[in-house]
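What TrEMBL records for A:12-365 is domain 'tRNA-guanine(15) transglycosylase-like'. Residues or ranges marked as active site, proton acceptor by TrEMBL: A:Asp90. Taken from TrEMBL, the feature substrate binding site covers A:Asp90, A:Ser91, A:Gly92, A:Gly93, A:Phe94, A:Asp144, A:Gln186, A:Gly213. Annotation comment: TrEMBL describes A:244-250, A:268-272 as region 'RNA binding'. If you look up TrEMBL, you'll see A:Asp263 marked as active site, nucleophile. Summarising the annotation, TrEMBL assigns Zn(2+) binding site to A:Cys301, A:Cys303, A:Cys306, A:His332.
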Protein chains: 2
Amino acid sequence: MFEFDVQYRDGRARVAQLHTPRGTVTTPMFMPVGTQGTVKGVSPQELLEIGSQMILGNTYHLMLRPGEALVEAHGGLPGFTAYPGPFLTDSGGFQVMSLGHMRKITEEGVTFKSHLDGSLVKLTPERSIEVQQALGADIIMAFDECPPYPAEREYIQRSLERTERWLGRSLSAKTNDHQALFAIVQGGVHEDLRRQSLALTLPYDTPGFAIGGLAVGEPKDQMYPAVAFTAAHLPEHKPRYLMGVGHPEDLVAGIALGVDMFDCVYPTRTGRFGYALTDDGRLNMNSSAPRRELVPMDADCDCYACRNYTRAYLAHLVKAEEMLAPRMLSLHNLRYLHRLVERARAAIERGEYHVWASEWAERYFKGQIPAWFQQAIDTGRSATPDPAI
Amino acid sequence: MFEFDVQYRDGRARVAQLHTPRGTVTTPMFMPVGTQGTVKGVSPQELLEIGSQMILGNTYHLMLRPGEALVEAHGGLPGFTAYPGPFLTDSGGFQVMSLGHMRKITEEGVTFKSHLDGSLVKLTPERSIEVQQALGADIIMAFDECPPYPAEREYIQRSLERTERWLGRSLSAKTNDHQALFAIVQGGVHEDLRRQSLALTLPYDTPGFAIGGLAVGEPKDQMYPAVAFTAAHLPEHKPRYLMGVGHPEDLVAGIALGVDMFDCVYPTRTGRFGYALTDDGRLNMNSSAPRRELVPMDADCDCYACRNYTRAYLAHLVKAEEMLAPRMLSLHNLRYLHRLVERARAAIERGEYHVWASEWAERYFKGQIPAWFQQAIDTGRSATPDPAI
């Protein structure tokens, strides 16, 4: 269980199978986010149809509402949500930082006021694991602290040291064998701090490792060197999960650097705002042009919206504020990201990842490929450095 | 085309097949309302799965946005909305009355300010038919005036006379053979005015007749005698359509009185407000009780929501204001009404409609069957009176 079989490699990019109690998934993969026990606007049946493999649930939200006991009474997230496949839950740490009010961080854990009713709630490594065990995901995350960007170097360092102690407590609190607990490497955008966090984290030899603390506001040209460095020093035979990422270009760059797992609310959120992801960039369905176009949002896409609807129809729904609009745009955007990683996997299997990624980027960025992206692709082509830290 | 084959009769209730260019439908039927070119929150695929047979589109809304020309450019409503079955469009008359501002009614037609942008718009019988031909529904409606409730007798009388002249102009304006134009009988809750409207309308011998001007605020004990009288005097071999109705109890009562077609926004609207239709009455998913119940909303229902979800899960979604909640409740409520007419048809076929309707009502009204309902069922059992007016 939780074996990770790498089947193809191309530079640092790889295709692998990850075995979980609720089924085997193929990486690289993008995980739709079901914050409150539902991927906003998309049914489990639709998630299966568009090729979703693993759904992310948010510990912070679910512990506050409806409470983990109710989810557990349904047999965990699969029974509660009717999505029959594997789940991953985060530890709650990140969202305490971003959503909790008046939070107080001590060695014990974090005390904060619920964003729902202002009640005082405490989250510790032990409590996070207790909740995550009740939620019953296949993969659970160590309780960590994710510093904001920017943050003082000294703060990031103290924080990553505490994150390591919390990892130890998270592992000690875990009482079952059917959930895999992934550790999280922190260190912000500082290579030496990432190195330190790696040195503290790797000895725990967890079944997978996450790259945390990124995509929190730092520029991409600081983020990707940190991804490259961290991913290169994580074990070859364990999955690497870049948390809270990302946009299409982030997936293509991250995969080049050896990342296997991604999650982000972006595809559903931007869909609710009326934007459709395509190989030509983001299509603004709020603008007037699509209202006259009798072609699919994305002619290459096989989702229900693109098979059945014109841009004109969907743009009408957006304008008329009809529920079917965010529903269809969310569905399409998730399918776009799933298709993107499917194409990435095929390119890795052919040994042509950098060619495919460059061609994809040429069109997506309309000939203006950003330096950070090109550097990620180039770095990914080169051999992985000596994994020794 | 547009033949109406009555296959079973039980008292005044009947089961029939109505043939349209886009397929044959079985009546009695409930038509989901797709006001702006979408049944709110429900996809065409789902509509087919739950047994929808014909979808209603609103001329008033679609002519204002996106404009009938765009719908026509898609080959009409089926191409625009991706629902492949039959459609019916209303004439726009009712919604001009309820939504247009500063409307002015003359013999020529109605001038009003759009509820969207305040622009001045004119709707006449000729314009209504022009729009409805562009929208391309299988069944279109004569442009009529629907007086509010209450209204002066004299006003209702002048209005029904004008409605007859508008019917003549609607029929003259129609230039194709693949759409059936239904006439609308008005007359408020007054039997003599209904009789007058029938006398004016029946000679046009349209392929179907609607009972208009009801369910606009009048008490049920005034509405149902008007339904009974009007339905009884409409031709036996033509479909009868009770416009803008209804609630579950309205379908059961209307079918008893010989009504074949119904439409209403109620199931989707009440679903968006968090209410689920069941044989035990309306279940309030906003209340606290369902949040603890690990049973389906409706154990008898075969919809996706009832097959997959507990009340506790769906009540959580309602509380968390997740899009899947109005989506699933709308789907369930439509399926509930479709199942209700399916059960009604089966009872008619068995010759036991009044038995089934009484048993259904006993449970639905929790033993407190209202007099208007009982009277409708009893009237429906009796032979149809002499159809002569």
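Cβ coordinates come from backbone N, Cα and C, glycine included.
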For A:Cys303 (Zn(2+) binding site), just give me the three-state DSSP call.
coil
Cα-to-Cα gap, A:Cys306 (Zn(2+) binding site) vs the residue listed as 'active site, nucleophile', nearest whole Å:
23
What does DSSP assign the residue listed as 'active site, nucleophile', in three states?
strand
Fewest other C-beta atoms within 10 angstroms, as judged across A:Cys301, A:Cys303, A:Cys306, which are the binding-site residues:
A:Cys301
What Cα-Cα separation, expressed in whole Å, is found between the residue listed as 'active site, proton acceptor' and A:Gln186 (substrate binding site)?
15
For the substrate site made of A:Asp90, A:Ser91, A:Gly92, A:Gly93, A:Phe94, A:Asp144, A:Gln186, A:Gly213, how many Å separate the two farthest Cα atoms?
15
Number of other Cβ atoms within 10 Å of the Cβ of A:Gly93 (substrate binding site) across all protein chains:
26
Cα-Cα, whole number of Å: A:Cys303 (Zn(2+) binding site) versus A:Asp263 (active site, nucleophile)?
20
Look up A:Gln186 (substrate binding site) in the DSSP assignment and report helix, strand or coil.
coil
What is the Cβ neighbour count of A:Phe94 (substrate binding site) at a 10 Å cut-off, with all protein chains included?
22
DSSP-derived helix, strand and coil totals, residue by residue, for the region 'RNA binding' (A:268-272):
5 helix, 0 strand, 0 coil
What is the three-state DSSP composition of the region 'RNA binding' (A:244-250), stated as helix, strand and coil residue counts?
3 helix, 0 strand, 4 coil
Including all protein chains shown, what's the count of other C-beta atoms within 10 A of the C-beta of A:Ser91 (substrate binding site)?
30
Other C-beta atoms that fall within 10 angstroms of the C-beta of A:Gly92 (substrate binding site):
28
